[in-house]
Amino acid sequence: MLRNKSQKELLHLSRQLIQPLLPNFHKGQAGKIVVIGGNEDYTGAPFFASHSAALVGADLSHVICEKAAGPVIKSYSPDLMIHPYLMDLDNPHLNLNNSELEKLKNLPIDEIIKTNDNAVLNKLIDELILPKVTSLLNRIDIVVVGPGFGRDPLMLKSLIRIIEEVKVLNLPIILDADSLYLVSLSPKIIANYPKAIITPNVVEFQRIAKALSIDADLSESNKDKLIDQTIEVSRKLGDIIVFRKGEHDLIVKSSKFLINEITGSNKRVGGQGDTLTGAIATLVNWSNNYILRLWDNQVVVNWSNNYILRLWDNQVDLDQEDANLLACFAASSVVRNASSKAFNKYGRSMQTSNVHEYLHESFTELFGDSIFRTSNI
């Protein structure tokens, strides 16, 4: 039903996915998000993803990161919950002798991605990392993996094991950045998991397409060919959502697709993709709540101000696929609009932190500022 809708019509449809803020809702019902990533070298990526999720409207935004990254990310914002549960091979608490450590550091990637290989890495993960991570995952609505993960063997193996655990828990998962590198090496990591979304840029998409024996030229600009390539990648991965970032964002699930042509920023700066990923997490979670009809037919009574408000029923019945695709489109729209505003102010000096200044304004401009999304009766 989304096919051939105009950008304006898609934005209008997206409004019904925006979760209202009701007085009877409790903390966490508007989204419990976790971003898993971040190491000593890369602390900005997980921050931007989790901060974006919070600014767009998630109630609780967590980061699970490597221990050295924890204090740094905590210093960026007191609003995020930081859990330094991950470890890399430089962690002094691993109790490995020098020869073991050197052997692990020189492991070929092929051996790392084998599910049941390397008893030493698996033992470290089972004893020191996974119990804490799993404990938090049991309280989460949607998971983002990959931002700032790096290429450390223990970190990469932990990422694989965490993705497996997310699938066992049947949680929605968004794969970005370094997790897409793993997908390009072993597509089976996420293939056929219906709650997966991958968010490749041009280069990441080409790597994944090549791994699936699909021809994808970096210089390709023909819209129909880009759509066909992305549909083929989605299908070969088991009909998961592929959010292909580019001049125009292309959002595909099997044969269904949406294209976002809203003007963004001409400045390409590190971190914008992480901002998008966080926004996707919040809006996809709301779209899942929409499917659960979390706020349908609810009545809000405010005796002190003498009014009664009734929430609108869903005006158009969307199925799960369309709701998730539309949520991705809405997230893309918010971030593109915010990026355009930031670029108009800062020009060439624009940074991702400037984009975050405009996320709320962009959201309000596109979807309104009504807290309840209600009507008087």
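Placement of Cβ uses the backbone N, Cα and C atoms for every residue, glycine included.
What Swiss-Prot annotates here:
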DOMAIN    10-366  domain 'YjeF C-terminal'
BINDING   GLY148, ASN201, VAL202, VAL203, GLU204, PHE205, GLN206, ARG207, ASP274  (6S)-NADPHX binding site
BINDING   245-249, 264-273  ATP binding site
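Positions of the features from Swiss-Prot, shown on the structure.
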| residue | record | DSSP class |
| --- | --- | --- |
| GLY148 | (6S)-NADPHX binding site | coil |
| VAL202 | (6S)-NADPHX binding site | helix |
| LYS245 | ATP binding site | coil |
| LYS267 | ATP binding site | coil |
| GLY273 | ATP binding site | helix |
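Its own atom aside, the Cβ of GLN206 ((6S)-NADPHX binding site) has 19 Cβ atoms within 10 angstroms in the protein chains shown. Taking the C-alpha atom of LYS267 (ATP binding site) as reference, the shortest distance to any of the binding-site residues GLY148, VAL202, GLU204, GLN206 belongs to VAL202. For LYS245 (ATP binding site), the binding-site residues whose C-alpha atoms fall inside a 10 Å radius of its own C-alpha are VAL202, out of GLY148, VAL202, ASP274. Here the CA atom of GLY273 (ATP binding site) lies 12 Å from the CA atom of GLU204 ((6S)-NADPHX binding site). For the (6S)-NADPHX site listed in the record, the two most distant Cα atoms among GLY148, ASN201, VAL202, VAL203, GLU204, PHE205, GLN206, ARG207, ASP274 lie 20 Å apart. A sphere of 10 angstroms centred on the C-beta of SER265 (ATP binding site) encloses 22 other C-beta atoms.
Fewest other C-beta atoms within 10 Å: among the binding-site residues GLY148, GLY271, GLY273, that description fits GLY271. For the binding-site residues GLU204, ASP249, ASP274, the greatest number of Cβ atoms within 10 Å around a candidate Cβ is found at ASP274. Looking only at Cα atoms, GLN206 ((6S)-NADPHX binding site) sits nearest to GLU247 among the binding-site residues GLU247, SER265, VAL269. One residue stands out among the binding-site residues LYS245, LYS267 for having the most other Cβ atoms within 10 Å of its Cβ: LYS245.
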